[in-house]
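Annotated in TrEMBL:
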{"type": "ACT_SITE", "residues": "8", "note": "active site, nucleophile"}
{"type": "ACT_SITE", "residues": "10", "note": "active site, proton donor/acceptor"}
{"type": "BINDING", "residues": "8, 10, 168, 169", "note": "Mg(2+) binding site"}
{"type": "BINDING", "residues": "8-10, 24, 43-48, 51, 75, 113-117, 144", "note": "substrate binding site"}
Ligand code: G1P
Ligand code: MG
């Protein structure tokens, strides 16, 4: 029986995955190289510092710890410039209805995100109140595909792992869900998310009850 839904943030509830890409690309360009969308896929679900390490490796650039912290902050400042322009209109289509319908059929809801900016974004888009628990980059030490973020989410909700469904747009996020012994709905393309139990283009495509029926 399904008792809880755990949602990734960037690319599932809000379109901030694009903002991360823009800000990381700008940083790479400043450091003298470029990143493309295909490489960006590998950063999804990965913490800020782990993302920076992956980008530097990709560009063949090595920096001291102090410089890395400086550049991570620069990237986050650029990212926040984009986030600060967000309003309630920036939640992805169908998200608010999906969350409300889930609650109305007794499903508990948690956030499971690698981002340290999660609460700010949920607040700006007006959906923070719909969550029973928030687990984000401030509560975990290991990036997806490690299951830590989802295990902590299930624990905070008081729900067994195998009664949880995770919603993810990242391959590493689906891997994390599987490692936590949870079911996974991939939000995006079959090509990227072939490890998910069910794939949909967005939360506006299926109702919570339909998801539960199809995934079991
Ligand atoms: C971090 C990373 C970003 C990654 C995101 C996943 O977010 O910077 O590359 O895609 O987690 O949600 P941040 O803590 O910087 O908001
Ligand atoms: Mg994501």
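Cβ atoms are placed via backbone N, Cα and C, with glycine included.
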DSSP three-state assignment for residue 10 (active site, proton donor/acceptor): strand
Pairwise CA distance, residue 10 (active site, proton donor/acceptor) versus residue 113 (substrate binding site), rounded so that it is a whole Å: 8
In sequence order, those recorded positions of 10, 116, 168 whose CB lies under 6 Å from ligand 1: 10, 116
Cβ-centroid neighbourhood (8 Å) of the Mg(2+) site, 8, 10, 168, 169 excluded: 7, 9, 11, 12, 17, 44, 45, 113, 167, 170, 173, 187
Rounded inter-Cα distance in Å - residue 169 (Mg(2+) binding site), residue 24 (substrate binding site): 18
In sequence order, those recorded positions of 10, 24, 48, 116 whose CB lies under 6 Å from ligand 2: 10
10 Å Cα neighbourhood of residue 168 (Mg(2+) binding site): matching binding-site residues from 24, 48, 116: none
The residue listed as 'active site, nucleophile' as reference: those binding-site residues from 48, 113, 116 with C-alpha within 10 Å of it: 113
